[in-house]
Amino acid sequence: MSADKQKLTIRLCGPRGFCAGVDRAIQIVVLALKKYGPPVYVRHEIVHNRYVVEGLQQRGAIFIEDLDEIPEEHRERPVVFSAHGVPKSVPADAQARNLFYLDATCPLVSKVHKQAMRHQRLGRHVLLIGHAGHPEVIGTMGQLPHGAVTLIETVEDALHFPPPAGVELGYVSQTTLSLEDTAEIISALERRFDNIHAPAAESICYATTNRQNAVKAAAPGSDLFLVVGAPNSSNSRRLVEVAERAGARRALLVQRASEIPWEEIADLSVLGLSAGASAPEIIVDEIIAAFADSYDVSVELAITAEEPENFPVMRALRDVELTKADMAFVNGVG
């Protein structure tokens, strides 16, 4: 302990960082590279995290946004669909091109797809609570015919969208939303439509719920709350909002320790720290080390749940063995 350093308590949230769906998606790309060799194409960022994407690029993954970007001479190479899910048109397009694809869609996102399709199969118009333009929303809307889904982003949308005549309604939601915001939208829908149908199971995933609850526990009284995550990560941005609502004096989203605005955050006593579901633990460690350079740091754990969940990869990749270094990367610690 150093006498000339100000004391800083870091409230470290648990759970934080990689969830089972993210872990599985990264593992699929690493396993595909091991089994088939580079390059392996990945449609969209496998998860929304620059560190992960750059690490996979170094191993031989090539990230694309459209199947047209795969050159003719590489049409026999594997292509992986991201954890966020894709519209039905994407695998159909891949099949039409005779591409070999591996679908890394999170099983909990696939569950929402099935819930939406069930609503539609039962003759209901589907309301999707989510954010326009997010890949998961694009993928879920793309499971159903054009016009079969209405996107609801706000309570205002819930109160004023024109419902189709003579059709029952059913709703699902994006898996990474704020629990409170989604509850308000659902409440508005249920007040407006007495017979609206809920999904058979909760759409917001366990990892989103757990990370938000941990932030709620750690944020009150924090001088600053940092969330490790990318600007395009929906669940990470929601954690910043949750921290602010729960009582943090200020909350920021950072991708690396280099983004910490040191000149703006002098004289901290309590720092809250969490990481979005696509952010690796190695960056959390990096941030703690950066604060330890300037402060006498003590770490206080704010653990609100355990996460034993594990999603297996597809059968085609189960015969591949990963090295310790591979597993460290997959688990976000290397």
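Cβ coordinates come from backbone N, Cα and C, glycine included.
Features as listed in Swiss-Prot:
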{"type": "BINDING", "residues": "CYS19, CYS106, CYS205", "note": "[4Fe-4S] cluster binding site"}
{"type": "BINDING", "residues": "HIS48, HIS84, HIS134, THR175, SER233, SER234, ASN235, SER278", "note": "(2E)-4-hydroxy-3-methylbut-2-enyl diphosphate binding site"}
{"type": "BINDING", "residues": "HIS48, HIS84, HIS134, SER233, SER234, ASN235, SER278", "note": "dimethylallyl diphosphate binding site"}
{"type": "BINDING", "residues": "HIS48, HIS84, HIS134, SER233, SER234, ASN235, SER278", "note": "isopentenyl diphosphate binding site"}
{"type": "ACT_SITE", "residues": "GLU136", "note": "active site, proton donor"}
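Sequence features, as recorded in Swiss-Prot, placed on the structure.
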residue: HIS48; record: (2E)-4-hydroxy-3-methylbut-2-enyl diphosphate binding site; Cβ contacts under 8 Å, 6 or more apart: GLY229, ALA230, ASN232, SER233, SER234, SER236, GLY276, SER278
residue: HIS84; record: (2E)-4-hydroxy-3-methylbut-2-enyl diphosphate binding site; Cβ contacts under 8 Å, 6 or more apart: HIS44, THR105, CYS106, VAL109, HIS134, PRO135, GLU136, GLY139
residue: THR175; record: (2E)-4-hydroxy-3-methylbut-2-enyl diphosphate binding site; Cβ contacts under 8 Å, 6 or more apart: CYS106, LEU108, VAL109, VAL112, GLU136, SER203, ILE204, CYS205, THR208
residue: ASN235; record: (2E)-4-hydroxy-3-methylbut-2-enyl diphosphate binding site; Cβ contacts under 8 Å, 6 or more apart: THR176, ALA207, THR208, ARG211, GLY229, GLY276, ALA277, SER278
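The secondary structure of CYS205 ([4Fe-4S] cluster binding site), as reduced to three states from DSSP, is coil rather than helix or strand. Neighbour counts of Cβ atoms within 10 Å were compared for the binding-site residues CYS19, CYS106, CYS205, and the top value is held by CYS19. For GLU136 (active site, proton donor), other Cβ atoms within 10 Å of its Cβ number 24. Other residues of the chain with a Cβ within 8 Å of the Cβ centroid of CYS19, CYS106, CYS205, the [4Fe-4S] cluster site, are ALA20, GLY21, VAL22, ALA83, PRO107, LEU108, VAL109, THR175, TYR206, ALA207, THR208, ALA277. Of the binding-site residues SER233, SER234, SER278, SER278 has the largest number of other Cβ atoms within 10 Å of its own Cβ.
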